[in-house]
């Protein structure tokens, strides 16, 4: 019997248990938190497989964007709450919510699906581990203290619980310890759920004077155990991802899953960043070759610079043309208008030269020519901020890339001033952002300055919530939000002022 036959037999046996055996039980979820130690086994539909993964990806992408914007833990928690409630709710056991099992099942499955999607390369594994740890930390901090303590006790972490007698002795010692944060009152010590570990395992807590050290052991109060739990979560997930990476080739047996997983991994930065041609056009906006100059007021600096360079030189080199073509495709410029735009912009070349050297590349970007896969997919997708930041840097005479990353401070300041950003505080903030390599934050800072009047009005009128107006991680999202904000009255008349971040 070959491997596929064994696999099919196991699936049949599992389904018999699931539907015929009255003693069969689905995976139980006694705790809100999870280390995802056991893979799921019950059947779900392909639609659930994809949608659950996309919903989780929305959350992870937004958490990563929060880190790009240097949000504090409190700001991140506040920003993420409505998104978590919408896409990945996970209520406490004490809430008595009727959908607890369904919530936890979705959380369980979506985590393992994304493990498969992001285990293929070291970079994807590292990023996935980082944002999953951020999500776990967010939930760990928000969890009910009793439920959290009960969950931690199930982890079999290599630490010893501190008995009541030891806590009484500890409380007497700490009550007289000068400068120790937890020695103020003996009752505080008795109320804490303490543990003890080898002191070498918690150097950060020792450095911060947050533990009591005695006899080579560090006594860690419950509120400081988060550090050790997070380290254990990260380490276990790292090991699990490496194991999955070795098993990925076997997934080729199921050609239904591979395209979904590939799509998920390619859209890690922003699940909503698959802007495609006319489908991305804003209703009522004139997206045409003759109107690009007017629309450029809504472009982010990367595309603003490309447009200025094109108008100045009547030419862009290959990577600049590709980046700009895909951006224009993403705002809704169709192929016919794109060809008209590029032909009129390259006004120093003949028709014959344009047709021979440039026309095909534009058509290929739109999926009008090329292989079958290129045509089926509709060509290339517009570049996200992360792709622009990490792919080929511009060389001499090239205009592509991200100005916040690839420009000198002097050239960036000149571009910003030419674009109407002259406020000294904003320019100083951009300088600090770029020096700290917080390029997304610099771009968002400029967006908020340029649209400060419209943003205030939108929030005051309740047209757009604060969560819907933050964290731009895609040039096309920048354009869309800018256009809608600047044309709020027109969009209100059309009933179309609606945007999700």
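Every residue, even glycine, has its Cβ placed from backbone N, Cα and C.
Not measured: the values here are computed from a predicted model.
Quick look at what TrEMBL annotates:
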- 296-479: domain 'DNA primase large subunit C-terminal' (DOMAIN)
- 302, 385, 402, 443: [4Fe-4S] cluster binding site (BINDING)
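Recorded features from TrEMBL, shown on the structure.
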residue : record                        : Cβ neighbours (10 Å)
302     : [4Fe-4S] cluster binding site : 26
385     : [4Fe-4S] cluster binding site : 26
402     : [4Fe-4S] cluster binding site : 25
443     : [4Fe-4S] cluster binding site : 26
**Request:** Averaged across the domain 'DNA primase large subunit C-terminal' (296-479), what pLDDT does the model get? Just tell me the whole number, please.
**Result:** 90
**Prompt:** What other residues of the same chain, not counting 302, 385, 402, 443, have a CB atom within 8 A of the CB centroid of the [4Fe-4S] cluster site?
**Reply:** 300, 301, 388, 389, 403, 404, 405, 439, 440, 475
